[in-house]
Amino acid sequence: MTKTIPVQKNDYIEVVFEDLTHDGAGVAKVDGYPLFVKNALPGEKAKIKVIKVNKGYGFGRLEEILEESPYRVDTPCPIYKECGGCQLQHLSYEGQLLAKEKQVRDVLTRIGKLENVKVHPVLGMSEPWRYRNKAQVPVGEREGGLIAGFYQQRSHEIIDMEACMIQQEKNDEVVQAVKRICTKYGVTAYNEQRHKGSLRHIMARHGQVTKEVMVVLVTRTPDLPNKERIVKEIVEAVEGVKSIIQNVNSKKTNVILGDETRVLWGEEVIYDLIGNVKFAISSRSFYQVNPAQTKVLYDQALSYAELTGEETVIDAYCGIGTISLFLAQKAKKVYGVEIVPEAIADANRNAELNEIDNVEFAVGEAEVVIPNWYKEGIVADVLVVDPPRKGCDDALLQTIIEMKPKKVVYVSCNPATLARDLRILEDGGYRTVEVQPVDMFPHTTHVECVALIELK
Ligand code: SAH
């Protein structure tokens, strides 16, 4: 018997929202049939219009809020609705942290089948604005010059932007200056449809502690007319610039950076500090975007690792060696592995920079390198993983289960793949002791977690 769908397209109905989706929409159920409505909050009663009806779920549009959530706030950012970079500004920060905690708990139960895992309240920021140390904005053209900002939601129309409330002010300043200077020297914007024009993206990186600035101009072709003058004016306009990079991306792609990088001025890297460790960061390397919370995250990982100085540690997906170098100060030996060669070059430079000599880094896939290490007799007492959103490769998880490190510390930017991988480790003889979510991305739906897993 097929269940009939209780609503029809274009119906106006009253609903009460009970949950948020992982992308921040409100969820209401009509006779068990879920409707997803943007901008609605749990606990709210509202009139909605049904705009799409699928077999198992539908979508609605918020028409009128009849009873407001006590956590609803006015959104401070004037471009919040058009931009889509943030999804939760209409929810108070306290409400966001509670929602993220619930999301982690729900996903661990639903996907990981982990009942009763201890999930701590989310560690949030005391000042949750202006936190991002990296901006990458698409460039377009309008009469009168270049614009740069963001793609309007669900389109590739670029909206010009002067300020982003989750960016560090310095990055806004860089984008404004580059826009103005490149307009002055007649640089054209890249046109996606015609695959013509020059400047595709402006990227800015800011060392929060050192105040050093990197500017990256991503262009379609290697030539950049008036290069010297553009560079000179950027250096004069923005205090702290230490590195100006041109990145050439000639492909028809949404991927921002291309393979070719040239230093136009200054250094190849900028430096920043997390705690007492200094890092060199190049244009293509991954570096956590919220430096204040990165410290919180790494301290948590370090505290779970409970190192005494005797341990062999493996740091999988190590990037520029950030976690590895933190751990190395308390371990006997740390092995880091990462797929991006430039990141490993940075990692080696970072080890040297901090005079840390008990680390060894390798370029490659964690799921290939770590099994090889294991064959060579390298066995970790503590294994840290910090994979991208898709989680750990199964081959890596199987090697962990064979290698049997006493502890696994799992740093995750996606609770769904964390839950999936925890289930595999649990079935392989491990126990999830506790999970500490950390809010690295206030006002967005993202949530980072550190999980402590022990051999049973
Ligand atoms: N631990 C680092 C980086 C975490 S981001 C930090 O905190 O800064 C995840 C990293 O995994 C990225 O640097 C990415 O390049 C790398 N990566 C992605 N797939 C990989 C794989 N299969 N093997 C090793 N590293 C990988």
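Keep in mind that glycine also has a Cβ here, set from the backbone N, Cα and C atoms.
Because TrEMBL annotations are produced automatically, they should be read as predictions rather than curated entries.
TrEMBL has this to say about the protein:
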ACT_SITE  CYS413  active site
ACT_SITE  CYS413  active site, nucleophile
BINDING   GLN288, TYR317, GLU338, ASP386  S-adenosyl-L-methionine binding site
DOMAIN    6-64  domain 'TRAM'
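Here the features listed in TrEMBL are placed on the structure.
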| residue | record | Cβ contacts under 8 Å, 6 or more apart |
| --- | --- | --- |
| GLN288 | S-adenosyl-L-methionine binding site | THR294, LEU297, THR322, MET440 |
| TYR317 | S-adenosyl-L-methionine binding site | VAL337, GLU338, ILE339, ALA366, VAL385, ASP386, PRO387, PRO388 |
| CYS413 | active site | PRO388, ARG389, MET440, HIS446, GLU448 |
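The DSSP breakdown of the domain 'TRAM' (6-64) into helical (H, G, I), extended (E, B) and coil residues amounts to 0 helix, 35 strand, 24 coil. Within 10 Å of the C-beta of GLU338 (S-adenosyl-L-methionine binding site) there are 28 other C-beta atoms, taking all protein chains into account.
For ASP386 (S-adenosyl-L-methionine binding site), the number of other Cβ atoms no farther than 10 Å from its own Cβ, over all displayed protein chains, is 26.
Apart from GLN288, TYR317, GLU338, ASP386, the residues listed for S-adenosyl-L-methionine, the same chain places the Cβ atoms of PHE286, ASP315, CYS318, GLY319, THR322, ILE323, PRO387, VAL411 within 8 Å of the centroid of those Cβ atoms. Overall, the recorded S-adenosyl-L-methionine-binding residues GLN288, TYR317, GLU338, ASP386 cover a maximum inter-Cα distance of 15 Å. The average pLDDT the prediction assigns to the domain 'TRAM' (6-64) is 97. According to DSSP, GLU338 (S-adenosyl-L-methionine binding site) sits within a strand segment.
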